[in-house]
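Chemist: I am attaching a structure below and will ask some questions about it afterwards.
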Amino acid sequence: MHSLSLISLALLSPLLVNAQLSGHVGPLTSSSSKASTKTCNVQDYGAKADKETDIGSAIEKAWDDCAEGGVVYIPSGDYAMFSRLKLSGGKASAIQLDGIIYRTGSDGGNLFMIEHSSDFEFFSSTSQGAIQGLGYEFHKDGSLNGPRLLRFYDVTDFSVHDVALVDSPAFHLSLDTCKNAEIYNMAIRGGDSGGLDGVDIWSENVWVHDVEVTNKDECVTVKSPAKNILVENIYCNWSGGCAMGSLGADTNISDVVYRNVYTWKSNQMYMIKSNGGSGSVSNLVLENFIGHGNAYSLDIDGEWSSMSTVSGDGVQLNNITVRNWKGTEEDGAARGPIKVVCAEKAPCTDITIDDFALWTESGDEQTYSCENGFGSGFCLQDGDGTSSYSTVITETAAPTGYEASSMSNDLSTAFGTDASIPIPTIPTSFFPGATPYSALAGAASGNAAKATSSATASRFRHRRGSH
């Protein structure tokens, strides 16, 4: 168990205080304690590991017995799931997925939806549990109308860890109006198509760390409303890339940190996307990014043409820090590594771009383009946003220190949309040189009961030695 008092928090660096977690994250009770209270093995409720019998009713019955204190246990084996589950309420409970669940049936909705719950954990004690969505069965016909794999709504004090989410017909993992969550030690692997988001967050006080995402849309993305979000040690491995948005009317996002993000062969390293709208984004830090082979690098686009224009003057962006970015981009002349386009009636203010060194993989020049963005660094102009401007700077010399490490598991090609995607092994490295905050649960012990005790309770773990 790790915890950090608010007094200790105040003594840490200003960065820690101003723009990340506001308190503890994760469940309040360890899964081992929950299991000792009660364990509901789904096989005792009719589940069969035959890859044919619908496991849904067995999970529902087990949940009814263990939701108020206990663990719903899904042993190793292959299970079919035709049902679309909505598990509501409960406290001091967990779902231990050590088997593999295969989506069957063509209904949409959510394969798993957890709502109105607290002190909850969804995990695998072996790090081999998975949900296989078999989304290609929809995607090969051009359809995105299948179910999302895992969605949380109005859940507090919870974690999701050591599970793989594979080939969702739609989104993989969504956190909707949740609080005090920790997401870690996960592999998410989707098809090469838009609409197959990895992790989407519109919640408060959430820590996402040590997660790998492969898809063609969002890697780990913050949506509105959101506050106190910390995203660390992220591996966007042939993905859409991390982002914020799309942002529309009444945007309300603040105190967000992305740190140690490695992006390979993706659409962008980080994008903030809007077109019109209202509200604000404030206190955003994007630091320690490495990228290779991406179409865009830093892409702040207040006139994003891929979304319909929303009524309003634009979303106000304020106090954004971008620092320590290294690597290469695909074509720096066609799509330069810095693009900051802000609305004329809602200019971006107090933006800092520092220690930023990327170079083109094609050709011998790259551009930096800024429009109505005010602050310091590269093409940004000093000012308070009372005047408008647009400028493009062309760079013909590679910046000093742009070279950056790569990851040994970088994919050589994307996964398609017309064949089954294999279930991956959860990696033990997510960013060059960074040690994951938690060992995989399956590495702790071969004994499932002992492995569950590795889950943390009421913790606020801070970055070790990174201040």
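Cβ coordinates come from backbone N, Cα and C, glycine included.
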Chemist: Of the residues C348, C379, which one does Swiss-Prot pair with C370 through a disulfide?
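Modeler: As annotated by Swiss-Prot, the paired cysteine is C379.
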Chemist: If I take the Cα of H292 (active site) as reference, which of the disulfide-bonded residues C236, C348, C379 has the closest Cα?
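Modeler: Nearest candidate: C236.
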Chemist: Take the C-alpha atoms of C66 (disulfide bond) and C219 (disulfide bond) and report the distance between them in angstrom, rounded.
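Modeler: Between the alpha carbons of C66 (disulfide bond) and C219 (disulfide bond) there are 33 Å.
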Chemist: Relative to the Cα of C370 (disulfide bond), which of the recorded positions D217, N237, C342 have a Cα no more than 10 Å away?
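Modeler: Qualifying among D217, N237, C342: C342.
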Chemist: Of the recorded positions C40, D217, N237, N252, C379, which sits closest to C342 (disulfide bond) by Cα distance?
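Modeler: Result: the closest of the recorded positions to C342 (disulfide bond) is C379.
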Chemist: Would you identify the secondary structure of C66 (disulfide bond) according to DSSP, in three states?
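Modeler: C66 (disulfide bond) sits in a helix per DSSP.
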Chemist: CB neighbours of N252 (N-linked glycosylation site) within 10 A?
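Modeler: Taking every protein chain into account, the count is 15.
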Chemist: Of the recorded positions listed here (C40, D217, C219, N319, C379), which is spatially closest to C348 (disulfide bond) when Cα positions are compared?
Modeler: N319
Chemist: Across all the protein chains here, work out how many other Cβ atoms are within 10 Å of the Cβ of C348 (disulfide bond).
Modeler: 28
